[in-house]
Amino acid sequence: MLEDEVSGVMASSRARQIQYAGPAFGLLGLAIGYTTLSGLGQGVLSLLAASFFLAVNMIPDEASSLLVLGSVCGLLGCFMGCGLGGLSMADPRMPLFLVAVTLFHATEFAFSVLCHSKTIEFRCFLLAPVPAAGYSIAIVAAICEFWLWQAAGITLPGVLVGGLTLLGAGLVLAGWSLRTAALFTARSNFTHIVAHYKDPSHRLVQHGVYGWCRHPGYVGWFLWSVSTQILLINPVCIFCYSWVSFRFFAVAQPPDAVSEMRYYESGRWGFSLLLGLSASVLPRALAMALPNAVLTYGVSLLLAAEAEGAASRDAEITDSIVLLAETFTAVMIFILTARLQIAYDRWWEGGTLLQKTRGEWFNAYSSLIAFSSGKVELQAKVEEFHHLLARLMSLLYCCALQQVSPSDRAFNILNPCGLEKETDLSNFTHLFVYVRTSFTDQSTPAAAQITDVDASTSSIQFTDYDLDETQIGGTVSFLPPIDMEFGAGGVAVVVVMVVVESLQGGSISVAVAACDPTHQTKEFQASLKYLQGIDDREEVIQQWIQRSVVLRMADGILPVPPPVISRVFQEMSRGIVNLQNARKIADFPFPFPYHQISIAVLIIHWSLMPLLSSMLLLPLNGAGVSFAVTLFLWCIHFTALQLESPFGDEPNDLPMDQMIADFNQSLFTLLKSHVQIPPSYTPQRTELSMDKKKSLQSQSFEDEAWNIPLCLPPRVAFLDGGEVPEEARGMDDEAHRMHDDALPSSGGRSEDSEDVAGGEILSTTTSEMAIQQV
């Protein structure tokens, strides 16, 4: 305890030193660079900057000494000062680049100092975010390409250079602002250090800039990095930066974020949707529209220079060009909108068919639960059939979604473990917790006892599975499920929790057994193994369900006539037919010729638009028109691409993860005893005149509802082992008295034995089920 306090005090003291020393070194370097080194020239500054970014790769990421961190802060401030001092040059592109890069890394380090003061290391500068010095090589490549174009003597018109420099500087500022806002909005929930385990204090941030964009930090980085090359007018690095950054963040994006569908609220006016970038096609469309607008502006300047002093363009040629552009654009719009409509129809039909499949199979499952016998002697078999049916239905819907999914995708299902009874682990030679009820019932408290040869520990009792350090007097360690063997008899169990504690001076291990795999029938294990090796799994599982229904009818578990049970088979068959129709969308892609023609006309239009616009309009007007038309057409194209394959894992695809989670929850809900016991209805006798009844009938239901009590059977109150509340007992007694008054000649009512048995079965607590990944 004392060592922890001392280490905490030392960490706090070191954080305060860095908080003061970092800005001090940075400001000192800024002053030196601005006053002394800014006159060295752009070539010397570029060489020094390239050397600095190569040299930082020799610093370990874990370096945390005050000397290293202060030196890096000073050098960043020095290069920033040099850049600020060179802004007055005729060509300020390289000074602006140095200011943009140094400001970015200084902001990253300042965020870590303010929000993560306990983990301040060299990696917080983000100067080496990728392995093999990739980031440093990218910076050096940008500097080299800039000077190669200068050495080759290839120059652009001054107006074009000024426009691109201004555009790049504005986008750099926008990207840096977005990432900075994301950092200080998330604060402690964002870190530069990769975490392999979830921090309990971490929270999902959904306000601020995270309400506009799901990953604003990624978007800001992408925009900043590409814009620095637009600032330098490096065409090769623009392409390379865009491709590498996009691939890097596509891999870094969490899988759960990729597969989650984008939900949104349009608001009162709908203008807030313009700020959303998650699941939007605007970024990709902008990547096509911005270069087209820049190209249009450059071509317009070149044509204007050639036509200077010449006569105005022929009116007939101009009219012909306008007619050609209008006709070509109209044909393109028709082709793209027709394709978009077909893609949307595929998307909507796919979602409709999956929901129909879900509805048909759930109705069949609900019918089988309702048709089950209520006899006491069949109680165990009925419960076993219900659990088996629920797990098979969950597995059926999971395989159905995997059948239409284009990738090998995992979905949540109800845990198949626990289908068989658990083994008595009485021959366990070590300390263990023996759970008397099913392990899958995690929400219901279950009595558990530590068993050991030592009598002093056998009296320790736990009331539920939430074993903490206070209850056991030691350290709790949770492990993933693993197969182990314990005891002299070699009893195999699945360990889901291991507790290492210090009890009475000795170190012991406590294991909670979920189920005994050796107790599962060999036939069931063989069935699961067989299911993994075939393609049409859903058809095999449907056959298992239908065969199980037939066998349960013969055993008396489903005591209903065959014509009634046939409805279940009809619903199962309609579900598989809907699934086959959904497979039609997954297996039959969009027609290739249509796809090929649409992309071909888009490329032709993109190539001709700068020339046509520059011949008809002034440079700025032509660039604006090219940007708007190109953005609109490519938005239609990318939207169609998003919708034509609805069963993927992108944000605009169908939410299949949520669909199966909802299905599993519905399956589990019907296993609860409260759901299986229908409420009783007791009519209330009233003494009202005919006039009063007419007046009540003329009123709406909301104005004055009838006073009709809705009563549950008295046995429902004993589901949790508690006593019947006074209100429920009084309501039930009143209902019985009214019923006796209504039937005076009956002399009481005798209950059917099968009804009583059904109540006893349905009042048993049904085990909840865990979720696992397949």
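Glycine is treated like the rest: Cβ placed from N, Cα and C.
Note: TrEMBL annotation is automatic and uncurated.
Here TrEMBL flags 728-742 as compositional bias 'Basic and acidic residues'.
Here TrEMBL flags 762-774 as compositional bias 'Polar residues'.
What TrEMBL records for 728-774 is region 'Disordered'.
For 20-37 (among others), the entry in TrEMBL reads transmembrane segment. For the transmembrane segment (20-37), same-chain residues at least 6 beyond its ends with a Cβ under 8 Å from one of its own Cβ atoms are 45, 66, 69-71, 73-85, 106, 109-110, 113.
Per TrEMBL, transmembrane segment is recorded for 66-90 (among others). Within the chain, the transmembrane segment (66-90) has long-range Cβ neighbours (under 8 A, six or more residues past its boundaries) at 14, 17-18, 21-35, 37-40, 42, 45, 48-49, 52, 56, 59, 96-99, 101-103, 105-106, 109, 120, 122, 125, 127.
Sequence-distant contacts of the transmembrane segment (96-114) (same chain, at least 6 residues past either end, Cβ-Cβ under 8 Å): 15, 18-19, 22, 26, 45, 49, 69, 72-73, 76-77, 79-80, 82-84, 86-87, 120, 124-127, 139, 142-143, 146, 165, 168-169, 172, 176, 179-180, 183-184, 192, 224, 228, 231-232. Positions annotated as transmembrane segment by TrEMBL: 96-114 (among others).
Residues or ranges marked as transmembrane segment in TrEMBL: 126-148 (among others).
What TrEMBL lists as transmembrane segment is 154-178 (among others).
The transmembrane segment feature in TrEMBL is assigned to 230-249 (among others).
Sequence-remote contacts of a segment are chain residues at least 6 beyond its ends whose Cβ falls under 8 Å from one of its Cβ atoms, and for the transmembrane segment (317-338) they are 597-598, 601-602, 605, 608, 612, 615-616, 629, 633, 636-637, 640. Positions annotated as transmembrane segment by TrEMBL: 317-338 (among others).
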